[in-house]
Amino acid sequence: MTQSVCILGVTGSIGRSTLKILGQHPDKYSVFAVSAHSRISELVEICKQFRPKVVVVPEQKIAELKTLFAQQNISDIDVLAGQEGLVDIASHTDVDIVMAAIVGAAGLLPTLAAVKAGKRVLLANKEALVMSGEIMMQAARDHQALLLPVDSEHNAIFQSLPHNYLQADRTGQPQLGVSKILLTASGGPFLNHSLEQLVHVTPQQACKHPNWSMGQKISVDSATLMNKGLELIEACHLFSISEHFVTVVVHPQSIIHSMVQYVDGSTLAQMGNPDMCTPIAHALAWPERLQTNVPALDLFEYSQLNFQAPDTQKFPALNLARQAMRAGGLAPTILNAANEIAVEAFLMERIGFTSIPQVVEHTLEKLENAAAESIECILDKDKVARSVAQQYISSIGG
């Protein structure tokens, strides 16, 4: 019997990799619903191949999609719009597995809807957990949802932890003999740049990651190390561990995807070629394993693996994220919102690369923190933080 999959963000990098895995295992999985934001022609090609029952696009893309469907004689796919449509497909009774791969805060409500519907949720949208934190984790416990990490680092940590770790008490302290999590970072394309060189970085340069094929936003986040900061917050929530038990290690080759240290002196690592198909396949099939076309790691290709501490003087975003996690409450929401606005401004060449963390720091300092008591107050603070960040960008000439 096949399992029914909903892919939120199907035309993005994670969505396309997910389709690649599903296409290799039609006996195990079928595509029930997909969503896309802007690449409508690509979405139509996906629909022709995988024949989902439902598609969700923004309201302003409905007419374009229906026109293309008519040209291709596609009449058996329901079309829904906007956030309401995303929530509908993420929580649909016919869906078994939800791939949460929408980038940014836009993925929060549909991801939470999938969790509250008790789905197996493959979490690629780190921003949803950064914003909602313990609300999301409590919802997963209350509704018996299975929240499995797809980020290569968190998937590596999950594989390196004891098999029953997620069922351990959520105390903020390491459990079951774990002493520390080592979260690896490639260091991004500007690892060896000077501060002076970083000032002149272009969006085109920032979007060229040395090891991974990714979308624009996450590529820029990787270049600033904000991606690692967001992943640190995500790790703290997923694995119920305080931030001072998580150490970021720069590992330029991206072969070791993260590590877990134990009280007996052991360090367990998950290794593999940098290909998102591996963690996606793992999360889809866990606790079983799926065949993929990813080649096994050839250790003889690597004469050495390098590790170093991150330079937080050059890349202050990492410390900003750590401080936001330490502060708790709505601070991670403010951090994420300001970063999304700053990255968008950088990609539009309104601000420089080194201004991205400045926008985030200003917004964190400007806004008062408070307890994250509900999704409504999180969304309200997200909106305010975006406005403050926009105002600051305008004030510095962006």
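Keep in mind that glycine also has a Cβ here, set from the backbone N, Cα and C atoms.
Per Swiss-Prot, the NADPH site holds Thr11, Gly12, Ser13, Ile14, Asn125, Glu127; the candidate it also names there, chosen from Gly188, Gly215, Gly229, is Gly215. The candidate list Lys126, Lys180 contains one residue that Swiss-Prot assigns to the 1-deoxy-D-xylulose 5-phosphate site with Ser152, Glu153, Ser186, His209, Ser222, Asn227, Lys228, Glu231, namely Lys126. Each of the binding-site residues Ser13, Asn125 was scored by how many other Cβ atoms lie within 10 Å of its Cβ, and the smallest score goes to Ser13. The two recorded residues, Ser13 (NADPH binding site) and Glu153 (1-deoxy-D-xylulose 5-phosphate binding site), show a Cα separation of 17 Å.
Neighbour counts of Cβ atoms within 10 Å were compared for the binding-site residues Gly12, Gly215, and the top value is held by Gly12. Between the CA atoms of Asn125 (NADPH binding site) and Asp151 (Mn(2+) binding site) there is a gap of 8 Å. With a 10 A radius on its CB, Asp151 (Mn(2+) binding site) counts 26 other CB atoms from all the protein chains. Of all Cβ atoms in the protein chains displayed, 22 besides its own lie within 10 Å of the Cβ of Thr11 (NADPH binding site). Among the binding-site residues Thr11, Gly12, Ile14, Glu127, Asp151, the ones whose Cα sits within 10 Å of the Cα of Glu231 (1-deoxy-D-xylulose 5-phosphate binding site) are Glu127, Asp151.
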